[in-house]
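Working notes, beginning with the structure itself.
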């Protein structure tokens, strides 16, 4: 069988039926919730598109789909079934949802994209399903049954008269409730600041009183949402011509009971939502080790606690609290907290204080109290508004019930009474909404008063200085406009649910673009993004903002849209700033400016190179200390210094040659002066005067280059960090010769400072400067001199330019301090002491080895010549015995030790030194390592601050 014939063999079955031909479905409050809330939310989700239509096996080339999946299901079929009243109860609809998800999991593999999408949808489905009303009640059931009774009566009695009367009655009764939503909802839209809970309560209580005699009509959508009527009974299916008073009397008690039920299901405040989050936190797995005893009620029989219920009168546990929370039995957060605290008090009351369960209860109570303290308080105005609306609604319902009960049986009189009653209701509702507006304007007035008080002081100044400060008036106008704009923004949180419903879901490309835009934002803007997410996502509200993990797939569409607005606004501001700074210039001007800058830099570099070569040719007099006895090999230079010196040697061989040929006497080099600045006060004063003409032209070169200040500051900071990082490897030269270890380190630091100053000068220049002669001598031995006549002829005429200029620069002391190294006297002293101690130990070791060697030789000699030893033993006066030989050797070693231990610094016993040698060595090694670590992390902050102030002053 060929491939095309196989494809044609795949046939899609007919879609599932959505009209119930066997039995007529009914409409319940739970089915309404599934249709209006659950299905709507799933349909709007970004992952719902594969589930919105039946699976097309032909298009997707899935020949075995309908052989594996026996009962296919999709969202469109469920939607049609809900619209056509296919279901009798909500459990059938929920079963269809579960079938749709299980089909996806059955046919596809666990890691597929479609499975991940189905899991996300199922998670949303379960979240919405948890908000569904607990009790299922039929909506509009009375009307259907009474219509059937009317039709039976019409068939049995006069066929023409009674149907016409029934139709008239039904038509008249439909007119009045249809007007109710317009009357009740129009003023509610005017005052949106009242909480939605109070509105729903007032609607329920008002419409109950008016709807006494309109029970046989179909309820409108607003009434169906607010009140859920009980299923019809046989007593209510009596003939139509029953007196109105009996109907009203019978319906008073059930209606009042139903009102309380509706209030319980509707009244879910923000605090109770937080309480449910706290309960979930307490039942989480991370609290399992100390929360498990409180999950279920105490089983006194199984645990053998026969007197438990005598001591504990009101037992409580987390399972009972969760059941109450699911059934919405808590009116406010304080009832919830009272039950939780009662559970802990029962534990403390029954168990002894040192019991294990008491400790577990205390840890769990700490978790509860910590989270409960973070619950925000309810606004006082909304509570007042609730009380006002409920009181007025109760009064209206009493009046309406009394008027309805005292009404006549005739339909004309009842209609007139209804019209009058509705007019009264309209007036009273308007009065209530006016009170709500007054209450809502109270905080705004307080804010205005605060703003006025803060603005009084600048206003007084303006009266005195009207002519001096005319620019302040437009600023005040802007502030007033901002205040007016900010006032209506406070009403936005009440419309969050509408925004969430109306927000357009984001596709994959939009989410990817949003994540890229967020990454472009600076760090100070990210805090606002975290605040937006936490304020709109209840699951992330209690999370730590520093360690928050955000998944765009779990965020609501309204949150993503709000983030998109904020990010776009920030990026617009950033894009406008550089455009304002740009100045339009022609290409020729830019080229000419670049040429001028390059010429300036080349001139500065050449001048400074010539001056440096003059000074390096002068003989540098550095006093070298006498070499100590056994010098260990010095460690290799740091990588930064070595690489820098190689670069400068390779790049400036010709420059150094020209400088060596044309030498002049009379001044010392910059590196020697800066290196010996900290050794003595006399030399520091003379060297600072010599180093000034070298360092200052460098800075003028930087200024002439017109580099931006940020780059200069970064360069200087990097140079200072390099200097401080170079201190650690320099401090490791503690085992160097003891004569003058401080001078070597200071010379290397001075050379490094001059090298970094040259790097800051020539960042944009073409040539690089060579190091001074002393610096090369310290790092790489004696400098190699290359002579060339061409470089002499080129650079000699330009050498006189910087000598004639008299340059004055601010904060010269800060630049002097750059040449001075950081003091490391403590480290160097300790290194000298360490070297002396190591030297002592080595000498002692040599002495001991010598004595042992002599003893060994004598013993071997005696073993080889036994005759000599016997003769010596027989003639004690004539020869030496072994004892005398050993005693002589010991005497010699003691004399040597005493001669070596004669100085006061070595006045310790040899035996104690040998015992404590290993311990002292380990201790000193550890101390040295710690000192090196401490010195590696130190940074001269005063040096950095001086450099920063210098740059700021010169760029002003």
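The backbone N, Cα and C atoms fix where each Cβ goes, glycine too.
The compositional bias 'Polar residues' annotation in Swiss-Prot covers 216-231 (among others).
As annotated by Swiss-Prot, compositional bias 'Low complexity' applies to 392-409 (among others).
According to Swiss-Prot, the feature compositional bias 'Pro residues' maps to 625-640.
The annotation compositional bias 'Low complexity' is assigned in Swiss-Prot to 649-688 (among others).
Feature annotation from Swiss-Prot assigns compositional bias 'Polar residues' to 714-724 (among others).
Taken from Swiss-Prot, the feature compositional bias 'Basic and acidic residues' covers 859-874 (among others).
Look at the compositional bias 'Basic and acidic residues' (915-934): DSSP puts its residues at 20 helix, 0 strand, 0 coil. Sequence annotations record features per position, and here Swiss-Prot assigns compositional bias 'Basic and acidic residues' to 915-934 (among others).
Sequence annotations record features per position, and here Swiss-Prot assigns domain 'Bromo 1' to 26-132.
The phosphoserine annotation in Swiss-Prot covers 186.
Taken from Swiss-Prot, the feature region 'Disordered' applies to 210-239 (among others).
According to Swiss-Prot, the region 'Disordered' annotation covers 391-420 (among others).
The region 'Disordered' feature in Swiss-Prot is assigned to 442-508 (among others).
The annotation region 'Disordered' is assigned in Swiss-Prot to 607-747 (among others).
Per Swiss-Prot, region 'Disordered' is recorded for 859-934 (among others).
Marked as motif 'Nuclear localization signal' by Swiss-Prot: 208-219. Looking only at the motif 'Nuclear localization signal' (208-219), the predicted model's pLDDT averages out at 35.
Sequence annotations record features per position, and here Swiss-Prot assigns site 'Histone H4K5ac binding' to 108 (among others) based on experimental evidence. Within the same chain, the residues at least 6 positions away from residue 108 (site 'Histone H4K5ac binding') whose Cβ sits under 8 Å from its Cβ are 114, 115, listed in sequence order.
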Three-state secondary structure, residue 108 (site 'Histone H4K5ac binding') (per DSSP): coil
Tally of DSSP helical, extended and coil residues in the domain 'Bromo 1' (26-132): 71 helix, 1 strand, 35 coil
Other C-beta atoms that fall within 10 angstroms of the C-beta of residue 113 (site 'Histone H4K5ac binding'): 10
